[in-house]
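Asks: I grabbed these lines from TrEMBL:
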type	residues	note
REGION	1-44	region 'Disordered'
DOMAIN	52-154	domain 'Band 3 cytoplasmic'
REGION	159-186	region 'Disordered'
COMPBIAS	168-184	compositional bias 'Basic and acidic residues'
DOMAIN	175-301	domain 'Band 3 cytoplasmic'
DOMAIN	356-914	domain 'Bicarbonate transporter-like transmembrane'
TRANSMEM	387-407	transmembrane segment
TRANSMEM	419-450	transmembrane segment
TRANSMEM	470-491	transmembrane segment
TRANSMEM	503-526	transmembrane segment
TRANSMEM	599-617	transmembrane segment
TRANSMEM	637-656	transmembrane segment
TRANSMEM	685-704	transmembrane segment
TRANSMEM	724-741	transmembrane segment
TRANSMEM	785-804	transmembrane segment
TRANSMEM	810-829	transmembrane segment
TRANSMEM	880-897	transmembrane segment
REGION	919-954	region 'Disordered'
Amino acid sequence: MKLPGQEEFEVSSACENVPTGELDSGPGSGPSPDGPSDTDRGELGVPKDPLLFIQLNELLGWPQALEWRETGRWVLFEEKLEVGAGRWSVPHVPTLALPSLQKLRSLLAEGLVLLDCPAQSFLELVEQVTRVESLSPELRGQLQALLLQRPQHLIQPIGTRPCQGSAHPREASHNEEAPLKEQHQNPLRRKLPPGAEAGVVLAGELGFLAQPLGAFVRLRDPVVLGPLTEVPLPSRFFCLLLGPSTLGKGYHEMGRAMAVLLSDPQFQWSVRRASNLRHLLAALDAFLEEVTVLPPGRWDPTARIAPPKCLPSQHKRLLSQLREVQGRSARHGALAEDRYGHWPQAPSPELQRTGRLFGGLVQDVRRKASWYPSDFLDALHPQCFSAVLYIYLATVTNAITFGGLLGEATNGAQGVLESFLGTAVAGAAFCLMAGQPLTILSSTGPVLVFERLLFSFSRDYSLDYLPFRLWVGIWVATFCLALVATEASVLVRYFTRFTEEGFCALISLIFIYDAVGKMLSLTSAYPIQSPGYPAYGCFCQYPDLGGNESEWTRTEPKDRDDISSMDLGLVNASLLPPPECARRGGQPRGPSCHTVPDIAFFSLLLFLTSFLLATALKHVKASRFFPSVVRRVLGDFSSVLAMLLGCGLDSFLGLATPKLTVPSEFKPTLPGRGWLVSPFGANPWWLSVAAALPALLLSVLIFMDQQITAVILNRAEYKLQKGAGFHLDLFCVALLMLLTSVLGLPWYVSATVISLAHMDSLRRESRACALGEPRSFLGIREQRLTGLVVFILTGTSIFLAPVLKFIPMPVLYGIFLYMGVAAISSIQFTKRIQLLLMPAKHQPDLLLLRHVPLSRVHLFTAIQLACLGLLWIIKSTPAAIIFPLMLLGLVGVRKALERVFSPQELLWLDELMPEKERSIPEKGLEPEYSLSGDSEDSELMYQPRAPEINISVN
């Protein structure tokens, strides 16, 4: 038997698959509340249907006072009316008894079925439904009067008490079919997307009926049926289930069964295309074939099953229809194709070789030029304002921290001012010219390591550092341009999740290590005082000295102990008169004097407070506390709020914690040098040629750092519509390397953590979603303006010293730690490390554990840990000069793993390399790796794959 609509399915399934990105063409587009099923239909060429809101009105009060009352509603999940509490229940997965479905089928088979009914009002619909030969004219009149009674709805407008509709049920005349005021005020209306339709089920017991009466109607044109539904939506389906009194809740359960059927996407798809009763019953039988039965006595029927966090895909049910049309062989091929990511398919256009010099660059420019106007127009959204604030603070934090670390590593040759200026210039230029403007350029840990090594080499061999660095930058720009010309960026296809996770984990650990290291160095310089231990001394505040509003100085310690100091931007104590506290034995006097141990203690307190507060606020959005608007604001501005509260606490208590040091004059940090670096200085001429050797290593590092970040940002899971620009991005980085080397500014590449945070702050989610279903991810708001504004603000921050200098450095270190922890905790690598410490019975039900033996998972994790440890050791030793080559070695290690793990294991633990992907379609799906369509595990291959590396700020 063919299901309804199979003829249409045969034609549409022959069409070419539609990419997911093309389905989400606008801010309001994307998956409807049907969620994955809509996407699956789009990929199979099946047309989408409007969302259906189903309502169950039950006839109560027989035989005294009959009234219709809404007792349930569905979109994807069920909500029951809790009469005693006067509210709707939480959305839950509906459960049905098999007898109710069987009775419903029998009633529909013997009842009235009207498909494409031309009724234009509720009155016309009632007249057509009651045209049954078994009803006498008197009974027909009574039934029509009963059906026209206005039902009671539980409607609760915002800020008011629940409204029970009409207190006294009455007949609805021709003039009373307009929606009520309460229907328009129903907050549920805003949760349903435009174009949504309604389905109404009327069920109940009626004593004057001698036999059951069943009717199913599909309206040709959806019509608003007045006050029949609690939301004034045009109704597409109408179902009537009435009969004499029976034992139990027979008609109530049949009404629920009909509502659940209409809420099922596959049944709804079939019924919309049904042309006769046979098609309707075939759709019901197909639903019964997919029903899962829970044995009695093994569960509580009154328990409510919570909706899943991620709805399962409908691929299997769609392919079951395709199997009946095209046979099992076609279904098997489609099954294998979907499991391996819709192969065989050509690589993305950005990663195809053209065979021409600079061919990839030219294609990137042509591709991105058509999107350039929309890159600015798409930024006109309030969400971009939130993203600018968050990323600006993250960028400033990164510029300050790396500027300080760079100043320490280069002995003052570069500092915070160069970091601010370089970040602003390079970042703004990249946002204007790059192929992927969502990327945030910044100083990174691996590049900082190389800068430190380069300075150490120059110092050991008495070389002039900045001129030597200039020639290294010139050679790096040359090598990168050569990579662009030869289209070397196509090699990023070999960067699998193994390489990405190792690189992301290394950068996250550098973030965490630097943040914790700065705090430990502070507590080491000023140990926390134990009770009874003599005071070390104090810091005192002096107003209006040296052009600054306040300066801090340190008095001589009382016990004359040799205490190590830390450069906090403090003025020389010898230049100031002895404060009052110093004349009184080093004890603090007044609110502007603080003992040295206070600095360490309160700095540590602010550090932990800012980190924990940012982490807690990040998780508020996913919690059940506060209204959704409040949760969204707290989640989006978690870092901003944590920083402001930390600054407020510091200011309220008047703490002498080290503050942000911002230069007050616009000049290079190194005294005596201009903004342009001399090509040679005191170095011999041949050094300009010898600089090519370290530049070659740095080019490998720049390529890896830039392109791994680009691969992560351009993953298919983010649903980017405007494409990537690997060649164009590397070209821009090469030009900026040349510019920053000439000006003596830090080198910049894509910052993985901040770039991911930038993308995550621009997530587009569906405004309307099914009751109980999480918001659907629609993609990223792709534009250039947020990054451009962020870097312009970063440049102007040089002149905001009166404000920025009140920010405590421990607060910035806490935000820095939060970013690193958030990054490393979001990758699969971290989850597999946790499995090493869990007994098998307590391990989560991860998909990979169902397909890969636990020992093999641990072996893969151990190899990743060994690689990460080796990278960290090499980075921390004098052999760090080969550090870039070790990053490149991750690709080789991943290639060697193909001799240790089978393709099936690598498919779940990592990803297949390009050659392996091409070989699978040629060889066919081997029985060893195939999954039977009738097995329990076959559902797992249709689970949606979320981004593996994700920084959540929501």
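Cβ coordinates are placed from backbone N, Cα and C, and glycine is handled just like the others.
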Asks: Please determine whether the transmembrane segment (387-407) and the transmembrane segment (685-704) are in contact (criterion: at least three Cβ-Cβ distances under 8 Å, sequence separation 6 or more).
Replies: no
Asks: With pairs closer than 6 in sequence left out, are the transmembrane segment (419-450) and the transmembrane segment (637-656) joined by 3 or more CB pairs under 8 Å?
Replies: no
Asks: Which stretch, 419-450, 470-491, 503-526, 785-804, 810-829, tops the Cβ pairs under 8 Å count with the transmembrane segment (685-704)?
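Replies: Most contacts with the transmembrane segment (685-704): 470-491.
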Asks: Across the domain 'Band 3 cytoplasmic' (52-154), what is the average pLDDT of the model, as a whole number?
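Replies: Average per-residue pLDDT within the domain 'Band 3 cytoplasmic' (52-154): 88.
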Asks: Would you call the transmembrane segment (419-450) and the transmembrane segment (810-829) in contact, using three or more Cβ pairs under 8 Å, pairs 6 or more apart in sequence?
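Replies: Contact between the transmembrane segment (419-450) and the transmembrane segment (810-829): absent.
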Asks: Do we see three or more Cβ pairs under 8 Å linking the transmembrane segment (810-829) and the transmembrane segment (503-526), pairs being at least 6 apart in sequence?
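Replies: Stretch pair touches.
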Asks: Please work out the helix, strand and coil residue numbers for the domain 'Band 3 cytoplasmic' (52-154) from the DSSP assignment.
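Replies: When I sort the residues of the domain 'Band 3 cytoplasmic' (52-154) into the three classes, I find 32 helix, 34 strand, 37 coil.
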Asks: What does the DSSP secondary structure composition of the domain 'Band 3 cytoplasmic' (175-301) look like, as residue counts for helix, strand and coil?
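Replies: In the domain 'Band 3 cytoplasmic' (175-301), the DSSP-based counts are 49 helix, 31 strand, 47 coil.
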